[in-house]
Amino acid sequence: MQSWSRVYCSLAKRGHFSRISHGLQAVSAVPLRTYADQPIDADVTVIGSGPGGYVAAIKAAQLGFKTVCVEKNETLGGTCLNVGCIPSKALLNNSHYYHMAHGKDFASRGIEMSEVRLNLEKMMEQKSTAVKALTGGIAHLFKQNKVVHVNGYGKITGKNQVTAKKADGSTQVIDTKNILIATGSEVTPFPGITIDEDTIVSSTGALSLKKVPEKMVVIGAGVIGVELGSVWQRLGADVTAVEFLGHVGGVGIDMEISKNFQRILQKQGFKFKLNTKVTGATKKSDGKIDVSIEGASGGKAEVITCDVLLVCIGRRPFTQNLGLEELGIELDPRGRIPVNTRFQTKIPNIYAIGDVVAGPMLAHKAEDEGIICVEGMAGGAVPIDYNCVPSVIYTHPEVAWVGKSEEQLKEEGIEYKVGKFPFAANSRAKTNADTDGMVKILGQKSTDRVLGAHILGPGAGEMVNEAALALEYGASCEDIARVCHAHPTLSEAFREANLAASFGKSINF
């Protein structure tokens, strides 16, 4: 394998970095102060300030492009930062602490508490404080990198023009060389069920409930469903998830991991009805909700009554009223914007990234696309391997994976070998009294190359990044097994699983 310095020199000789740095020296990055009736001139205009949009805007400015970012909401950061990834992680973390203190976990560690009370208002306040700090951080980064922020609903009104409609009805026109659509996604509605964000809620409403419901039904046991269901189950709700598929964890999860994950969640008190569909929901006079369900392929009907119904059946691209139809840009059958490998639409100077294009709807996938898309505008290469994009479920224990699952390898006819290591045999997990789960490695039988990594256990969301690095650079299971890992750490389980995959046996199990 080439050293990084040799790779860097090789790329430099090919002119990739020089084209980006020298080709843009004459481009100004100074923001313009304008009046509403005076157009802004820009090199790149990004519509949307979520993880893909704001990162793309900053990178574009760093490359020397005069950059504008248009955002319809009052705060920057998109769904992820305001009503998604970030606030949900705050609640997941704090609800886990409460669960440990309220249950027998603390007592088993010699920590005795006479009374544990939940102050939900304070918990929500901590969540909001974290969100506010991070949204303010993006605003600071925009100023630091000289990105012009326009608050308004962005619509493409020409091949080289974006018009932002502001809350007061005024408009701001931006004349621009390139347009990048990064408008993200929105909650997919459930046919026949109206979300009021009070008792029938989407993920947005579930992040701001005023009290812990006695009973909650979650439609969908994918990533968002199990995460938010876990929050309220830990805080005291009786939670049942109804899932059309026969497993929990959503698309891409390894089935062995999914089964073990479901078992652990059930042990915690989370209930599941798999291979089951919701046929309707009715609000009663007492405020409770009757949820009608039956088998996915038909069968006996049943009614579950709850205080809060959480709808988590996925998300859909947000592409409405962007002006795409007028430009002749047609959406695919799933409502996504078709793009080429450089993220260009059928109009070469109009690009799209993130949830509005094909691929997993993940914040970090959008970030990567945003960076390489604007590098491509500057003449650079646009490399991305979607097989190396990790997925994480932030419950406790966490679930994380990257690469292929066993089911995918079987379907593709690829011969593989498996290495496993349980956290019960890991010394750090033992000292933490947190031993549920395992690491599972899939390697190519003929070459030993890592094909997939699947982790169920403490710290899985951090550990999976080591696996992503291995996949990105084509590492073998032996490569990882021969890297010295600090002791005692949870990541030793990752090394041991690779030992098992490469040599047929781990050391400590």
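Just so it is clear, glycine is given a Cβ too, placed from its N, Cα and C backbone atoms.
Features of the protein shown, as given by Swiss-Prot:
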- His487: active site, proton acceptor (ACT_SITE)
- 71-80, Lys89, Gly154, 183-185, Asp355, 361-364: FAD binding site (BINDING)
- Gly220, Ala221, Gly222, Val223, Ile224, Gly225, Val226, Glu227, Glu243, Val278, Gly314: NAD(+) binding site (BINDING)
- Cys80-Cys85: disulfide bond (DISULFID)
- Lys66: N6-succinyllysine (MOD_RES)
- Lys104: N6-acetyllysine (MOD_RES)
- Lys104: N6-succinyllysine (MOD_RES)
- Lys132: N6-succinyllysine (MOD_RES)
- Lys132: N6-acetyllysine (MOD_RES)
- Lys143: N6-acetyllysine (MOD_RES)
- Lys166: N6-succinyllysine (MOD_RES)
- Lys273: N6-succinyllysine (MOD_RES)
- Lys277: N6-succinyllysine (MOD_RES)
- Lys346: N6-acetyllysine (MOD_RES)
- Lys420: N6-acetyllysine (MOD_RES)
- Lys430: N6-succinyllysine (MOD_RES)
- 1-35: transit peptide (TRANSIT)
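Note on proximity: of the recorded positions Lys104, Gly220, Ile224, Lys277, the one nearest Ala363 (FAD binding site) is Ile224, by Cα distance. Among the recorded positions Glu74, Gly77, Cys80, Lys104, Lys277, His487, the ones whose Cα sits within 10 Å of the Cα of Glu243 (NAD(+) binding site) are Lys277. Sequence-distant contacts (6 or more apart, same chain, Cβ under 8 Å) of Lys273 (N6-succinyllysine) comprise Thr240, Ala241, Val242, Glu243, Ile293. Largest CA to CA distance in the NAD(+) binding set (Gly220, Ala221, Gly222, Val223, Ile224, Gly225, Val226, Glu227, Glu243, Val278, Gly314): 20 Å, whole number. For Ile224 (NAD(+) binding site), other Cβ atoms within 10 Å of its Cβ number 24. Neighbours of Lys430 (N6-succinyllysine), defined as other CB atoms within 10 A of its CB across all chains, total 13. Within 10 Å of the Cβ of Ala363 (FAD binding site) there are 21 other Cβ atoms, across all protein chains. Within 10 Å of the Cα of Lys277 (N6-succinyllysine), the following recorded positions from the list Glu71, Thr183, Gly220, Lys430 place their own Cα: Gly220. Note: the CA-CA distance between Gly222 (NAD(+) binding site) and Cys80 (FAD binding site) rounds to 17 Å. Closest to Cys80 (FAD binding site) by Cα-Cα distance, out of the recorded positions Gly314, Lys346, Lys420, is Gly314. DSSP assigns Lys277 (N6-succinyllysine) to a strand segment in the three-state reduction.
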